[in-house]
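Asker: Got a structure for you, questions after.
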């Protein structure tokens, strides 16, 4: 495994796709991040698709329709369309029930592809294990390589469950193993995630590409803090720590509230909507803030559009990411791009997203007193001293860089797939059996 942007992994000389089919079964790239199942993955799928289209690559994204008002085909931008596939009831279907609808979703994907001429897609990229299950079948049917991004793994999540959170079911871990075995290439966010795939799922390191996610550097920029606070109705003189994301135990907004209770002059802004179980609704957090005696120091905002999210980042002195696990942490990079330092849990990909002691600080605990101590230290050092370094660090994560690396991974997958086809022909001529994903057999 290696960074797909390493000189040895340059896309120069590798075949490049003309058209890519992208699968995102459980959440639409057009959904508002910060609520339900919509989060960083939605942003990743949409932004990489838009950047691919800028390079002349056509992208079709398949997702499950969740409303009768969803149009079958939505044109997002030149070269990017979203296909809303009808699979099961539009509403009221929990993500854990979606495996029952994978046959219906797969049928919808295959029928859509059948409207094109044979060989229309050059590659298929699935996101999350549910999509991987569909992608495994579709890739075999279309005779194209399957590239898969897990985003999260059941074994990792279950090893870092928050109090009140629901463990991932065994069928997910089984499904993830199947997809790891069947995919031609695996895209991961960090080297740490690559090591997890190898240790937990015995993935072949040679089939793994490390591709860091990006940030929209034209949208997320430093700006006037006073103006941002005025727009949000926040005290211009307050010391503000912001939390942005889905309100669910995994994201641990309760840890931030408990830490704030130990910092008498800190105001907390929480921007996000409900997701998951346990301490998973704004109402529950409102109740917790009341119990802690800090209700008057906490402001709750609904999920924000990108333009409004920029104001939240700019308004904050610090953005907190106390998650129990993050495969990367796009919120951390977006905040730093706005010149706001980040205090984050030292888990998953966050040590890559945040430069400890330079663009923010990492906390090696989820205990409120440890968080209060680190937040206090950053305030004492003056958060603005981290601002320039935060912007510089975020500048290394652009969607252009991400897609450069992604195209390298795609090129490797296509080249290997073509080589397999050559071996398949040779094997047939010699009377030997051949599996596209297992090689020549006696």
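Cβ coordinates come from backbone N, Cα and C, glycine included.
Straight out of Swiss-Prot:
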- 26, 37, 38, 39, 40, 41, 42, 95, 128, 152, 172: 1D-myo-inositol 3-phosphate binding site (BINDING)
- 32, 33, 40, 246, 251, 304, 326, 334: UDP-N-acetyl-alpha-D-glucosamine binding site (BINDING)
- 313, 314, 316, 340: Mg(2+) binding site (BINDING)
Asker: Within 8 Å of the Cβ centroid of the Mg(2+) site residues 313, 314, 316, 340, which other residues of the same chain have their Cβ?
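Answerer: Once 313, 314, 316, 340 are set aside, the remaining close residues are 225, 228, 242, 310, 312, 315, 317, 319, 335, 338, 339.
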Asker: Check the Cα distances from residue 32 (UDP-N-acetyl-alpha-D-glucosamine binding site) to each of the binding-site residues 26, 128, 313, 316, 340 and keep only the ones within 10 Å.
Answerer: none
Asker: If you draw a 10 Å sphere on the Cβ of residue 251 (UDP-N-acetyl-alpha-D-glucosamine binding site), how many other Cβ atoms land inside?
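Answerer: Looking across every protein chain shown, the total is 27.
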Asker: Determine, from DSSP, whether residue 334 (UDP-N-acetyl-alpha-D-glucosamine binding site) sits in helix, strand or coil.
Answerer: helix
Asker: Among all protein chains shown, how many Cβ atoms are found within 10 Å of the Cβ of residue 304 (UDP-N-acetyl-alpha-D-glucosamine binding site), not counting that one?
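Answerer: Taking every protein chain into account, the count is 20.
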Asker: I'm trying to understand the geometry here, so how far is the Cα atom of residue 334 (UDP-N-acetyl-alpha-D-glucosamine binding site) from the Cα atom of residue 128 (1D-myo-inositol 3-phosphate binding site), in Å to the nearest whole number?
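Answerer: Here the two Cα atoms are 22 Å apart.
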Asker: Long-range neighbours only, meaning 6 or more apart in sequence with Cβ under 8 Å: which ones does residue 172 (1D-myo-inositol 3-phosphate binding site) have?
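Answerer: Looking at Cβ-Cβ distances below 8 Å from residue 172 (1D-myo-inositol 3-phosphate binding site), excluding near sequence neighbours, one finds 129, 154.
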Asker: Just to verify a number: CA distance, residue 316 (Mg(2+) binding site) to residue 42 (1D-myo-inositol 3-phosphate binding site), in angstrom, no decimals.
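Answerer: That comes out at 24 Å between the alpha carbons.
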